[in-house]
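Per TrEMBL, compositional bias 'Basic and acidic residues' is recorded for 1-14. What TrEMBL records for 1-30 is region 'Disordered'. Annotation comment: TrEMBL describes 15-25 as compositional bias 'Low complexity'. Annotated transmembrane segment per TrEMBL: 33-55, 122-143, 155-173, 179-200, 207-226, 232-252, 273-300, in sequence order. Annotated domain 'Peptidase S54 rhomboid' per TrEMBL: 113-250, in sequence order.
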Amino acid sequence: MAGSRRDVDRKEKAPPAAAPQQQQPGREEEREWVPWIVPVIVTANVALFAVAMYANNCPAHARGGRGGRRCVGAGFLRRFAFQPLSQNPLLGPSSATLQKLGALVWDKVVHEHQGWRLVTCIWLHAGVVHLLANMLSLVLVGLRLEQQFGFVRVGVIYLVSGVGGSVMSSLFIRDNISVGASGALFGLLGAMLSELFTNWTIYTNKAAALVTLLFVIAVNLAIGILPHVDNFAHIGGFLTGFLLGFVLLMRPHYGWAQRYVLPSSVKDVGRKFLAYQWALLAVASVLVVVGLAVGMAMLFRGVNGNEHCQWCHYLSCVPTARWSCGK
């Protein structure tokens with residue numbers, strides 16, 4: 001997944017002709033943040049992948065063949081060598097290593113009460129290919145969002161969306177482990193979409209921005225129907241981020257109408273949020289809290305989502321003549 005919404009210019013009503021150069025009231029309150037949380041997240045993911053490879057130690061644990069010859073890159077990577085391509089074509093550790101370090105495993109979450117795996121799994125990656133794809137997407141999407149809205153809001157959306165993706169994945173996938181930041185990344189994409197909606201009136205080029213963003217989202221969701229891709233995590237993360245965007249990424253609209261009735265000496269008419277923004281914030285707040293609470297309750301009770309939705313498995317994998325989806 002990779003892609004980010006192009007910057008769109010904010011639409012501003014022209015000031016009275018008598019004062020064409022007057023600064024827009026309240027604009028000085030806006031700022032562009034220096035991004036640091038996204039680089040920290042990228043660094044943490046790379047560091048944890050290195051830890052996973054160190055713990056994996058393929059040459060010492062490889063079975064068959066002569067010592068570590070089956071491991072990819074054993075000659076120069078030594079302890080950090082990758083698992084054989086037949087076991088992990090993404091150039092990474094074994095499934096057993098990922099499970100030890102906190103991969104999402106339904107049985108362990110439900111029966112062994114290891115709910116912490118809902119969080120730890122989003123910091124692990126199955127291989128170099130998986131890691132590079134996700135981190136490139138995070139840089140392209142996350143840096144711009146953090147510059148606009150700051151580290152707190154972007155960090156909250158990233159983490160909560162990751163958990164939302166983990167919850168939905170666990171409700172529908174029981175036989176495979178799941179790792180990766182894809183759910184959190186889809187949360188950022190969902191937040192970008194809701195941010196466009198909730199701040200609709202301050203943007204120009206609305207149609208172009210909306211079509212571009214919807215295209216990026218659709219392509220990435222379409223990739224999720226391929227086998228061995230956890231599209232439920234993508235969908236869960238996207239929905240969580242979409243709702244959080246209404247809550248956390250609301251922008252003020254400035255009270256231009258008041259300028260025509262206030263004395264000319266009053267230059268700052270203040271920040272103003274519109275009624276539809278508050279309505280979206282209220283509805284989204286309720287939905288995200290209820291959705292996460294109900295999802296976690298269902299998960300820890302051992303509910304199988306496939307029993308309540310017979311067709312939902314097609315959201316994650318569509319069988320064709322070229323591949324099967326397995327269980």
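Including glycine, each Cβ sits where the backbone N, Cα and C put it.
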Taken over the domain 'Peptidase S54 rhomboid' (113-250), the model's mean pLDDT:
89
Take the transmembrane segment (273-300) and find every residue of the same chain, 6 or more past its ends, with a Cβ under 8 Å from one of its Cβ atoms.
109-110, 113, 115, 160, 163-164, 167-168, 170-171, 194, 197-199, 201, 236, 239-240, 243-247, 250, 252-253
